[in-house]
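Down below is the structure, laid out as structure tokens.
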Amino acid sequence: MKQRIAIPASFARKRHHLSILGNRRSKTLAIAFLCLFVLIVLLLGTQIISTDGLEINLQAQNQPPEFAHPFGTDWLGRDMLTRTLHGLSLSLWVGLLTAICSAVLALVLGTTSAIMGGKVDVAITWLIDVFFSLPHLVLIILVAFAAGGGVGGLLISIIITHWMALARLLRAEVLQIKNSDYVQLSSKLGRSPFWIARHHMIPHLFPQFLVGLILQFPHAILHEAGLTFLGLGLSPETPALGIILSESMRYLSAGYWWLSVLPGVALLIAVKAFDILGASMRALLDPKTSQG
């Protein structure tokens with residue numbers, strides 16, 4: 001006769017917890033890959049789709065959404081889906097460039113503040129507080145205007161107004177690692193600062209840096225579209241979403257709702273995909289998620 005082996009309740013609870021955690025991580029990873037796939041398609045889609053929809057065709061002007069033109073056509077007969085995809089791709093490339101530059105700036109200032117300490121730390125911390133105390137949107141507009149607008153003003157305004165939160169986070173991480181027992185022990189054992197940075201600093205900072213970089217994408221995309229909409233960003237002949245939305249607003253009263261609504265919805269979907277991707281990466285890379 002077989003005997004039943006009693007499983008301790010604590011072991012059963014732990015196994016159940018690990019099962020739930022595994023399922024959660026699998027779902028999070030699947031969502032992250034799905035969002036990443038969508039964003040890659042948007043970035044590279046303009047290299048695949050035809051540019052015929054950007055040509056003027058007065059015989060097809062102001063057509064509502066239909067099978068041949070899912071986003072309709074504009075007042076010049078151009079396909080709005082093609083224009084929207086090109087605008088999204090341009091916005092994503094601008095967001096990618098500005099997010100990388102802003103994240104690198106945050107990494108340099110945050111780590112320098114924590115490692116140097118003293119007056120350098122006080123100065124950088126004061127600078128972060130000053131930037132945080134100013135109205136964000138007003139600061140972006142003023143910097144873009146002071147930089148002369150255009151592509152240069154757009155890039156500068158986004159880069160220098162989005163580094164503060166990540167710099168503060170990285171500074172706190174470096175201070176915590178710097179004062180940890182294993183770093184102090186490595187220093188006493190004669191390890192060089194480069195060895196300590198490679199084996200202790202970088203592995204701890206990289207997840208925070210990566211998540212912070214991804215989470216800057218949606219802000220950069222929205223601000224690029226907003227500045228371009230206000231006339232402080234990309235030039236009017238550029239197929240940017242801000243230009244599309246700005247031009248389409250004058251046709252809303254005529255009933256041509258698809259000219260602004262559908263590109264706006266596409267922009268919101270892309271921004272939300274970045275938000276979900278950043279949250280998913282944070283959930284995957286944050287050690288605290290393993291604690292439930």
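Positions of Cβ are set from backbone N, Cα and C atoms, glycine also.
Predicted automatically and left uncurated, TrEMBL annotations should be read as such.
Taken from TrEMBL, the feature transmembrane segment covers 29-49 (among others).
The transmembrane segment annotation in TrEMBL covers 90-110 (among others).
The domain 'ABC transmembrane type-1' annotation in TrEMBL covers 92-278.
Residues or ranges marked as transmembrane segment in TrEMBL: 122-145 (among others).
Summarising the annotation, TrEMBL assigns transmembrane segment to 151-170 (among others).
With a cut-off of 8 Å between Cβ atoms, the residues of this chain six or more beyond the transmembrane segment (254-274) that come close are 35, 38-39, 42, 62, 64-65, 71-72, 74-75, 80, 83-84, 87-88, 91-92, 95, 214-215, 217-218, 221-222, 225, 241, 244-245, 247-248. According to TrEMBL, the feature transmembrane segment maps to 254-274 (among others).
If you look at the transmembrane segment (29-49), the same-chain residues 6 or more away from its ends with a CB under 8 A from one of its CBs are 82, 85-86, 88-89, 92-93, 96, 270, 273-274, 276-277, 280-281, 284. Same-chain residues lying 6+ beyond the ends of the transmembrane segment (90-110) with a Cβ under 8 Å from its Cβ atoms: 39, 42-43, 124, 127, 154-155, 158-160, 162-171, 174, 205, 209, 212-214, 216-218, 220-221, 224-225, 234, 238-241, 267, 270, 274.
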